[in-house]
Amino acid sequence: MFVLSIALLSCTTLCAATTEWWGDLRAHLNPARQAPFYDVTYDEKVNVCPQGLHADAIPEYVYFGTMLATMTVDEHDQCLQKCAEKPRCKAVNFFHPFAYQEKGFCELLTEGQLDNPSLMRPFRKATYYEKIRCRELDDVEDVEEAAPIGSEITEKLPEDMAREKKLDMSKLMKKLSAKVKEFNGGAGGFRAAR
């Protein structure tokens, strides 16, 4: 009995256990089903942001941080609008309504994922929004404005592109045939199975 208790005591001193949340270290093993995206909403009823709202969205994730307020809303843009009206609001969790529900659930947050990234967790039927702001006219850029003035953009003709592909393909075939000859000819080639 004494030997058994000493063995158990020595085993417990060597073993250590920790508890980790799913999102802390293994979140990369469960990638989001949808990629993050930019969200732009328009609401003609509210004059706070006449050009609409602009936000960064991360679907199927929520932030479990300090909440400013909670409410039920019909659409996610109402949730974003409430956040834009409150200066302390930095981010929003929007929980989409289930089949039996008519309204979604909104959480206004006083901090975001950049404040504490470990508080981001995967969560189905929810979307995390951050960087919520009024959309400015400068947010929309034309293609001509995006290119620098001094840069020269030249487009290749389809004939040139086809010719380059043929040249690349012929170079590849030459290299491949040289490697096959080297493999077959050098070092005895293939050996018969014994």
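For all residues, glycine too, the Cβ spot is worked out from N, Cα and C.
Owing to the predicted nature of the structure, the values given are computational and were not obtained by experimental measurement.
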Cross-link partner of C134 (disulfide, per Swiss-Prot) out of C49, C79, C83: C49
Recorded disulfide counterpart of C106 (Swiss-Prot; options C79, C83, C89): C79
Neighbour-count leader, CB within 10 A, disulfide-bonded residues: C49, C79, C106, C134: C79
Cα-Cα distance linking C49 (disulfide bond) and C79 (disulfide bond), given in Å to the nearest integer: 14
DSSP three-state assignment (helix, strand or coil) for C79 (disulfide bond): helix
Rounded Cα-Cα span from C106 (disulfide bond) to C134 (disulfide bond), Å: 19
Length of the line joining the Cα atoms of C49 (disulfide bond) and C106 (disulfide bond), in Å: 20
